[in-house]
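Written out below as structure tokens is the structure these notes cover.
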Amino acid sequence: MIRKFTLFPKDQGFTPLIWLCFLLIPLFSMYPYDSLDKVCMTGLIIIFAVCYRNSLFAEKYYPFWISIQYLISFIYLVHLGYVYLFMFPAWQIGFSKLTTKRFNWFYSALLILIMTGSLIVWMKGLRFNNENLIASGAFTLFTLLAPFGGREFLKQQEQRKQMYQANERLESLIVGKERNRIARELHDSLGQSLSVMTIKLDLAQKLFDHDLAVSKKEINEVQQLSRETLTMVREIVSDMRRKTIMEELVEINRVLSAAKVILTTENESVVQGVPLRLQNEVSYCLREAITNIIRHSQATYCKITFLLKEDVFTFSIQDNGIGIKDLKFGNGLVGMRERVEQLNGHLLVADRKGMCLTITIPLEEDHHD
């Protein structure tokens with residue numbers, strides 16, 4: 001079977017291609033190619049590009065491809081005074097998933113090669129003007145720091161990936177818990193009622209020819225029980241349509257991630273003590289607040305804090321956007337305030353380096369299931 005050729009790893013997009021475009025700089029600097037030395041150096045650049053591309057895919061031969069890049073970079077440094085090419089493998093070892101031991105080995109080799117090459121250039125008497133000296137110093141500094149920057153960036157990237165996976169698992173867990181709750185409701189309530197109705201109908205059938213009055217009584221009770229069961233089913237369905245705060249937070253995280261807004265929460269566990277019917281109203285308020293943040297705030301960060309104290313539930317939504325300077329109470333905020341007031345609660349909007357919306361709701365008896 002013929003394997004399909006892939007120029008670069010799909011998860012890296014066009015980034016490697018952009019990096020390779022920087023190799024045009026040394027190619028242009030040697031033009032015209034009117035000597036054997038320039039032709040050989042141009043050939044080395046082509047080999048360097050191939051090694052760079054192959055190292056993006058390699059696992060087993062990764063040290064080999066990086067070593068070839070080191071060697072060609074060292075040749076360019078010694079012959080032309082270019083530290084420039086070392087940036088490629090330097091950035092690459094930072095972005096590769098290397099163990100600490102292997103990273104230290106590659107970085108030590110990078111440091112030794114740059115220091116040795118620079119010493120050789122100095123001993124050869126190759127001199128630079130001020131502009132070239134500054135550029136060379138900047139490239140050297142960037143090259144030595146790039147592996148650590150790339151490693152830190154990769155670490156953060158992995159953490160974001162793990163957070164996304166954790167949210168996916170949390171969503172599955174919430175769905176599973178909801179499914180189990182519905183199953184218990186149906187088994188405990190509907191199952192028991194249907195069992196009683198079956199027994200009564202069997203009894204009514206047996207007594208139909210012998211005691212018609214008792215049979216009719218049983219049938220009437222079954223009829224009444226069926227009405228109660230129907231009401232019970234409607235209540236279960238109504239509860240199923242309600243959204244918990246945890247379910248809403250999963251959806252909010254997905255929406256904010258798509259909008260490039262970082263979400264953090266505090267005291268999330270206290271929402272378990274909030275009645276289910278009240279959670280549905282809180283979920284609506286959270287949804288409206290997040291919608292306003294995405295549409296109007298220009299924020300990049302959002303924090304939701306929960307507090308449950310002395311039968312009073314408080315939650316606040318803080319962002320780092322443009323604040324409330326030009327805030328207008330549109331339909332979303334008006335509807336939110338009306339809902340909160342119906343629950344005997346309070347809504348407060350403040351400007352704290354961004355908008356901070358705080359809602360306080362008492363946990364009164366009529367809010368409980």
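Placed from the backbone N, Cα and C atoms, the Cβ positions cover glycine too.
Note that this is a predicted model, so its numbers are computed, not measured.
Looking at the stretches 13-32, 193-212, the one that TrEMBL records under the feature transmembrane segment is 13-32. Residues 81, 83-84, 86-87, 90-97, 103, 106-107, 110-111, 114, 118, 128 of the same chain lie 6 or more positions beyond the ends of the transmembrane segment (134-154) yet place their CB under 8 Å from a CB of it.
In this model, the domain 'Histidine kinase/HSP90-like ATPase' (277-365) carries an average pLDDT of 86.
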